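Here TrEMBL flags B:6-27, B:34-55, B:61-84, B:96-120, B:132-149, B:156-173, B:179-200 as transmembrane segment.
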Amino acid sequence: MIGNFTLLPGFENPLLWILGVPLGSAGFLAVLKDWRVAAWVNVLASVVTFGSSLLLITVRPEPTRLLFIDDFNVYLVVLTAFVGMTTAVFSAAYIARESEAQRLSDLHLRFYHSMYQAFLFTMLLALTANNTGVMWVAVEAATLTTVLMVSLYRTREAIEAAWKYFILCSVGIGLALFGTTLVYLAAQPVMGDGADAMAWTLMIKRAHDFQPDLLNLAFVFVLVGYGTKVGLAPLHAWLPDAHAEGPTPISAVLSGLLLNVALYALLRFKMVIAANGNTLTPGPLLVVMGLSSLFLSAFMLYRRGDIKRLFAYSSIEHMGVITFAFGMGGALANFAGLMHMTMHSLTKSAIFFAVGIISQNLGTKRIAAIRGLTQSHPVLGWGFVLAVLAIAGLPPMGVFMSEFLVLSSTFARQPLLAIPLAIGLLLAFAALVARLQSMAFGEPPPHSHAHGRAGPLSTALALTPLWVHMLLVLVAGLYLPKELVAWFQHVAGFLG
Amino acid sequence: MANAQISYDIAHLIGATVLMAGFQLLYQRRLFAVLNTFAFQALALAAAAAWQAHIQHAPHLYVTAAIALVFKAMIVPIALHWLVEQLGIHRNVETAMSIGWTMMAGVALVALSILLVLPVTANATALTRESLALAMSVVLLGLLMMITRRNAVTQVVGFMALENGLILAAVSAKGMPLVVEISVAFSVLVAMTLFGIFFFRIRERFDTLDLADLETHRGDRQ
C-alpha cells in the first residue's frame, strides 16, 4: 500500500528542518537556564526555520504519508515561519523588560521560550500534515501550548482566560475530531482501510466518489470545531480573553498565525467537499458565519476599555471577512481571501508589537489612560498609527487592497451581500479611527508607570519588527510582484 | 451468519452501556459518584474497544482499550478523587438546570443523533451505523453535562465523557489508523496534567472551584 512513498523525508528535505528545528529547540530551551541566552536561541531557531521555509519555494519535496507541501500550504508555511521569526525578535526585547520589572520569574521565562518553539512546531506540523488525524493532533497540541502561555502571568484574569480558552477550544477540537472520523468513514469505502483514506493528496483525487450525506454531516462538525478555533461568531467567546491576558508576543502569534492555521484546516475540508460535487455547498454557511463575526465584532469595537481586547475583536472582524471571502468562492474572492489572510497576519502582529511596547511604556492597557503617543514616543506612535490605519482598511496599505477585492468581487456577483459587508467594514473602520485618535494624539499623560527601563538598543530591537511588517504591508498595497499574483491566482483556482 | 449476529449484538450492548453511563452522569448529585460513574463509563469504553479489536482483527485497538482501562478508568478518577480531597472542594454537584430537564434534554439529544446518523449512513454496515449513532449521543451528552454543571471538576468529567464518545466513534470506524487513537489518549494525558496545574492555581487564588466565581472577574470592566 505504500507505493512510491517513503515514510520520512531525508536530510536534504527542507521539511525536516522546518519541523525539526522548532521541536529540537523546544526541548533544548526547556533545559536552558539563562533566559537571556534562551531569548537569542529562540531568535536563532526561528531564523533557521524561516530560512528553510524559503527553500520550499524552489525545492518541492515529494508528498509522503505524513507530510506534504503544495501550492496552498507553502505560502502559509513561509508566512508562519516569517511572523514566528519577527515575533521572536520582538519577544527578546519584550521579555527583557518584563523580567526587569519582575513580572515574570526565570522559571516562567524558561517555560515560555520552550513553549514558544513548541507552538511554532505544532502550527507548522498542522500546515504540512498530509493526514487529517495528524493535523488534528497538531491543532490540539497548539491549543495546549497556548493555554499554558496565556496563563503565564498567573493573575486572576489570566487564569480565567486560560480556563475559558481551554474548555471552549477543547470542546471545539473534540467536535472537529468527530468530523474527521466521519470524513474517514465517508472515504473508507472508496479508499480502503488505513492511512490512505486520511491523506489529503489522495482524498482530493477521489472525493467525487465519497458518500455525500456523510460528508455533509462531517462538515457541520468540522465547521463548528475548527470554527471555534478560528474565532467565528458565535463561537468566539474565548478569543478576546485569551488575547488580552497572555504575554503580548503570544497575542501577536495567536492572532497572526493560529487563527490562520485553524482556517486552513477548515478550507482543506472545504476543498474535499467541493471536489465531491453532490454535497451541500459550504459557501452559504461560511458567508453567514463570516458576516455575523464581522457585525458582532464591529459593534463590540465601540465599547472596549482594554487595548488588547480592542484588537482581539478586530481579529474576529478580519477572520469574518476572510471566511466570507472563501464562502463566496470563485477565483477572485478566493484570491482576495488568501491575500487578506497574509495582510491581516502581518498587520495584526505589528499592532500587537506596538501594543506590547505601549503597555510596557505606560504601564497600563486601559485605552482611556493612553494619550498622545505620537508626542511622547514618536517612532512608536507613528508606527502604531500607520498599523491601525492599515488594519482599519485605509489606502494605500495592503489590507485596503484585499478588502476592496473582497467587496468588489461580492458586488459583481451578489450585490445584496455586498451591502452588509460594506456597512460592517465601515462600522469597524469608524470605531478603530475614533479609538486611535484619542490614543495617538492629544496631551501625553503626566505620569507613567513603565514596566522596567528600556535602553536604546532594546527599544530599537522591539521596534524593528513593527516597521518591517508595516513596510511589507505598504509595499504589498502599492505593488505586488507578478509572480506572486500568478501564484495566488493559481491557488485561488484550486480552492473551489 | 449467526456468528456475525452475535458480534453485532455484543458491540451494540457495550456501546449502549457507554451511553447509559453517559445518562447516569447527568443525574449524579455527589462529586464522588460522578467520578465513579465516569470510571464505569471508561471501563465500558475499554470493553468496546477490545471487542472491536477482536471482531475487526485489529490488534492495535487493544492498545486503545488498555489506555482506556488503565488511564481513564483508573488513574484519572483516582487522581481527581485525590484532588477533591486535597483541595476540600464542595462534594455536592451544583447544577445550572434541574435534573429532570437535563434528562429530558439528554433524551432529545439521543433522538437527534439517531435521526441524523441513520439516514446518512445508509450504505455503511449496521455495526458502523449503530456505533456511530451511539458515539454521537455520548458526545452530545458529554457536552450537555459540561453546560449544565457549574463546578470545574464536573466540567472536566463532562469533557472526558465527550472524549469517550469520540474514541467510541474512532474505534468503530473500521481500519482507522492507530495514530489517532494513541494521540487522543496522549492529548488527554497532557490535558489532565494541565487540569491538575489549573486546579492548584485556581485553588490558590479563588478558594472555590465554582466557575461562577471566576466569571465576576472579567478584564473588560470599564
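Each residue, glycine too, has its Cβ placed from N, Cα and C.
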Run the contact check on the transmembrane segment (B:61-84) against the transmembrane segment (B:132-149): 3 or more C-beta pairs under 8 Å, excluding pairs closer than 6 in sequence. no
Answer yes if the transmembrane segment (B:96-120) and the transmembrane segment (B:132-149) have at least three CB pairs under 8 Å among residue pairs 6 or more apart in sequence, and no otherwise. yes
In the same chain, residues at least 6 away from the ends of the transmembrane segment (B:132-149) whose Cβ sits under 8 Å of its Cβ atoms read 12, 15-16, 18-19, 22-23, 25-26, 93-97, 102, 105-106, 109-110, 112-114, 116-118, 121, 124, 155, 157-166, 168-169, 172
